[in-house]
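*Asks:* Relevant sequence annotations retrieved from Swiss-Prot are reproduced here:
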type: REPEAT; residues: 21-59; note: repeat 'HEAT 1'
type: REPEAT; residues: 60-97; note: repeat 'HEAT 2'
type: REPEAT; residues: 137-174; note: repeat 'HEAT 4'
type: REPEAT; residues: 175-213; note: repeat 'HEAT 5'
type: REPEAT; residues: 214-252; note: repeat 'HEAT 6'
type: REPEAT; residues: 253-291; note: repeat 'HEAT 7'
type: REPEAT; residues: 292-334; note: repeat 'HEAT 8'
type: REPEAT; residues: 335-373; note: repeat 'HEAT 9'
type: REPEAT; residues: 413-451; note: repeat 'HEAT 11'
type: REPEAT; residues: 452-490; note: repeat 'HEAT 12'
type: REPEAT; residues: 530-568; note: repeat 'HEAT 14'
type: REPEAT; residues: 569-602; note: repeat 'HEAT 15'
């Protein structure tokens with residue numbers, strides 16, 4: 001599989017004559033590096049450190065690495081494993097003094113066609129760069145970066161972009177100037193892929209440069225990349241803007257960066273505007289309060305009104321964070337006058353993703369705006385969203401109720417909440433039903449026991465007989481959480497009787513649900529209720545004509561057994577399990593015998 005270096009010889013490794021085969025596997029691993037079967041080569045590469053340990057540092061350097069360097073035309077999977085292994089190889093070639101021996105194979109890997117392999121090779125090179133001394137870095141690592149940066153293939157030039165920032169800080173001034181020059185030329189490379197790679201590393205590179213170089217070199221590069229003909233390059237420049245903005249003073253920001261950022265927020269490509277919206281909170285923190293008020297707020301208003309739904313949704317997601325990060329003084333006025341009018345429009349947006357994004361954060365504004373504003377301005381919006389035709393919107397409002405509960409109490413909403421909860425609870429999509437069930441214990445806690453018993457209890461019982469198993473299962477767990485919230489006395493009076501009635505249901509699935517409920521309720525309700533109210537029902541169901549029910553009786557007895565006292569176990573449970581242990585159905589027998597042994601009733 002290789003036309004280059006010979007594989008490391010196996011002779012000296014497997015020394016020790018016929019009797020000693022302890023080193024034999026190494027010989028096999030080395031042979032497998034050349035095997036026709038990809039899987040065997042892959043296994044061998046994954047055990048590369050074992051081979052290197054056996055060969056010792058010198059032979060790893062002189063035989064194994066040249067062999068690996070020459071075999072780099074293999075399946076991508078094998079190359080990926082190799083690139084990963086070599087990143088942790090410094091100790092196996094003799095430590096930092098010899099780290100440069102690992103560069104040739106990784107340099108080859110950094111130029112292959114498959115992106116995943118190149119990225120892994122770059123990651124390993126970045127790791128190894130830290131282990132070079134400054135002298136070795138300039139002698140071995142920097143030349144590698146320069147070779148990649150001026151390579152004929154775009155693959156090598158894209159890989160170079162990820163290596164500048166790790167070798168720059170420790171290089172001499174003359175070499176630093178060369179590194180900056182190479183980075184500059186890659187930012188204006190003819191191939192869009194290379195410019196993309198350079199743009200994606202611009203922020204990272206800016207962080208390791210001297211401030212003067214940031215102003216004189218990075219900012220012009222940022223400006224050019226932000227007006228590149230390819231929108232995929234421009235949107236990466238927006239990401240870099242966050243890092244660059246953190247490095248500059250307010251005056252420099254205003255003069256050097258803001259014109260470009262303003263332009264990006266109005267870019268003709270929606271993907272660039274989307275990126276501005278998506279990075280809005282980071283940009284806001286990076287540019288500070290003054291520029292936020294003068295520049296970012298107007299830009300944000302436009303993004304919330306953007307003609308592209310994706311952009312509006314991304315901006316809507318950021319509403320709460322934007323408001324939280326505004327300086328407290330004057331915050332309320334800005335939100336009420338500049339942000340809230342846009343939000344009101346979004347509540348009735350034509351796109352459900354936009355409405356859903358807004359619904360997931362809008363409740364958080366109540367803590368920022370306080371009680372009176374919430375009641376007067378936000379409450380009508382919440383109520384409108386609770387009536388929205390899209391279930392996701394209603395669900396997002398309901399699942400964020402806790403924010404509002406802290407500010408105005410949930411009573412204000414309870415009359416409108418109820419129809420919304422009922423509709424979601426009966427939604428045709430079972431995942432929507434599932435989501436509302438999972439939120440029920442929190443809702444119950446916020447609305448209180450009277451409201452719950454009057455309005456929501458029947459829903460919780462209805463879910464127990466849903467036609468989707470996942471819903472029945474979630475509804476069962478929901479009961480347990482409710483008992484933990486409202487206490488055992490409530491359970492005994494309200495829940496347990498309703499659950500036990502289902503034991504006589506003609507549908508065997510519903511009879512089984514009774515057992516599942518007892519499994520989770522017994523622990524929450526304790527010994528007395530379990531023994532007096534639940535156990536008799538379980539024992540009676542042992543005579544059910546459906547085998548599925550009978551074996552679930554055995555499982556239930558195993559589950560509630562530890563809660564019961566010894567008398568009940570010996571006198572009531574044991575005879576029933578023994579009878580089930582003789583059942584004609586194999587499964588019933590199996591689970592009954594398992595229960596007998598787990599409960600030590602044999």
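Yeah, the Cβs are placed from backbone N, Cα and C, and that goes for glycine too.
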*Asks:* Mind checking which residues of the chain, 6+ beyond the ends of the repeat 'HEAT 12' (452-490), have their Cβ under 8 Å from one of its Cβ atoms?
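*Replies:* Contacts of the repeat 'HEAT 12' (452-490) (Cβ under 8 Å, skipping residues fewer than 6 from its ends): 418, 421-422, 425, 430, 433-434, 437-438, 440-441, 443-445, 498-499, 502, 505, 507, 509-510, 513, 516-517, 519-521, 523-526, 529.
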*Asks:* Counting only residues 6 or more past its boundaries, what in the same chain has a CB within less than 8 Å of a CB in the repeat 'HEAT 14' (530-568)?
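*Replies:* Contacts of the repeat 'HEAT 14' (530-568) (Cβ under 8 Å, skipping residues fewer than 6 from its ends): 492, 496, 500, 503, 508, 511-512, 514-516, 518-519, 521-523, 576-577, 579-580, 583, 585, 587-588, 590-592, 594-595, 598-599.
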*Asks:* Using Cβ atoms and a strict cutoff of less than 8 Å, what residues sit near the repeat 'HEAT 7' (253-291) while being 6 or more residues removed from its termini?
*Replies:* 215, 219, 222-223, 226-227, 231-232, 234-235, 237-239, 241-246, 299-300, 302-303, 306, 308, 310-311, 314-315, 317-318, 321-322, 325-327
*Asks:* What same-chain residues lie close to the repeat 'HEAT 8' (292-334): Cβ under 8 Å, and 6 or more beyond its ends?
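*Replies:* Contacts with the repeat 'HEAT 8' (292-334): 258, 261-262, 265-266, 270, 273-274, 276-278, 280-281, 283-285, 342-343, 345-346, 349-351, 353-354, 356-358, 360-362, 364-365, 368-370, 373.
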